[in-house]
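J.: Sharing the feature lines straight out of TrEMBL:
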type: BINDING; residues: A:C92, A:C95, A:C132, A:C135; note: Zn(2+) binding site
There are 2 protein chains.
Amino acid sequence: MEVCITSLLRDRGFKVTPQRLAIYNMLSSTKSHPNAEMIFNELQAMYPTMSLATVYKTMEILKEIGLVQVLNAGEDSFRYDAVMTNHPHVRCTECGQVEDVYDINIDAFVNEVSQGTKYQIMGQQFYFHGICPTCQRKNSN
Amino acid sequence: MEVCITSLLRDRGFKVTPQRLAIYNMLSSTKSHPNAEMIFNELQAMYPTMSLATVYKTMEILKEIGLVQVLNAGEDSFRYDAVMTNHPHVRCTECGQVEDVYDINIDAFVNEVSQGTKYQIMGQQFYFHGICPTCQRKNSN
DNA sequence: TTTTTTATAGAAAACAATTATCGAGTAGTT
DNA sequence: AACTACTCGATAATTGTTTTCTATAAAAAA
């Protein structure tokens, strides 16, 4: 993993720094789709001098070299995902958590849209919203 | 149309004001999915004292009474749509315009996701991005 | 219609997410 | 070890959005 990001950075003329590795490692080992602030908060314990600006700048680079994708699930901040396969996401409107939607084949649907529009489709994002199992349980009590 | 919005506002205890009618009329007569600033700019000629805050507050109300939906096509601002049917949108990554995707039946896909997740799905937003016909033509010159 | 009540418009300030600036420091190269 | 260029992080700046406050306009009451 680190070999991968290390060489990807170097090949593009970016330097390999502890902050960048830490940010990418944190992101690739969580399924919480954190935003910049969540990443910043989590890393502050280990890297007390970490700055939010560094998180943003690093995300910009990681996006550029294709290691993260940016999510925009209708909130006021962007979330980040180190899983690069394009899958739908679902956000709980009560607790705010964002999860992956697994086992869904989107190709047929994407193809249908691609053929039905005059746009040259380059990508897509599917966002569902609803109530997560935990909040459903809370509500029924 | 105006009868509709007028009574919808009154029934909920909101007052019917020229600004609110103007904002809704402008939105419902365009397909450009404008953001707050675009709405503000367009109305400034006719309503010179119009304020951006009024646009935002009005959109909040219109969303609440179910007359507009909020779009978030991966940009840094929200767009608004007076068409309430839930259809996919496509954004041109070059010129930035956002258009509707017509003639696509999303029900089957939505159902598949609904059944494959433990969430209680309440809604969804599908965003595609690519290059619009106009920009494609520009590029090939 | 006139009066009274209550919500609203709009200016300005506050806020929050993100980006830009810049000097000190560090990674990678020689 | 020394050099060079990139990066970090503090701070300021920007941008989209929300809040506050008060004169005023809309709805209700008289």
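Here the Cβ of each residue, glycine as well, is placed from N, Cα and C on the backbone.
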J.: Using a Cβ cut-off of under 8 Å to chain B, which of the binding-site residues A:C92, A:C95, A:C132, A:C135 qualify?
T.: A:C92, A:C132
J.: Check A:C135 (Zn(2+) binding site) against DSSP and tell me helix, strand or coil, would you?
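T.: Assignment for A:C135 (Zn(2+) binding site) reads helix.
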J.: Could you say which of the binding-site residues A:C95, A:C135 has its Cβ with the most other Cβ atoms inside 10 Å?
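T.: Result of the Cβ crowding comparison: A:C135.
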J.: Who sits close to A:C132 (Zn(2+) binding site): which same-chain residues at least 6 apart have their Cβ under 8 Å from its Cβ?
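T.: Same-chain residues close to A:C132 (Zn(2+) binding site) (Cβ under 8 Å, separated by 6 or more) are A:C92, A:E94, A:C95, A:Q97, A:E99.
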J.: State the count of C-beta atoms found within 10 angstroms of the C-beta of A:C92 (Zn(2+) binding site), not counting that atom itself.
T.: 20
J.: Based on DSSP, name the secondary structure state of A:C92 (Zn(2+) binding site): helix, strand or coil.
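T.: Its secondary structure by DSSP: strand.
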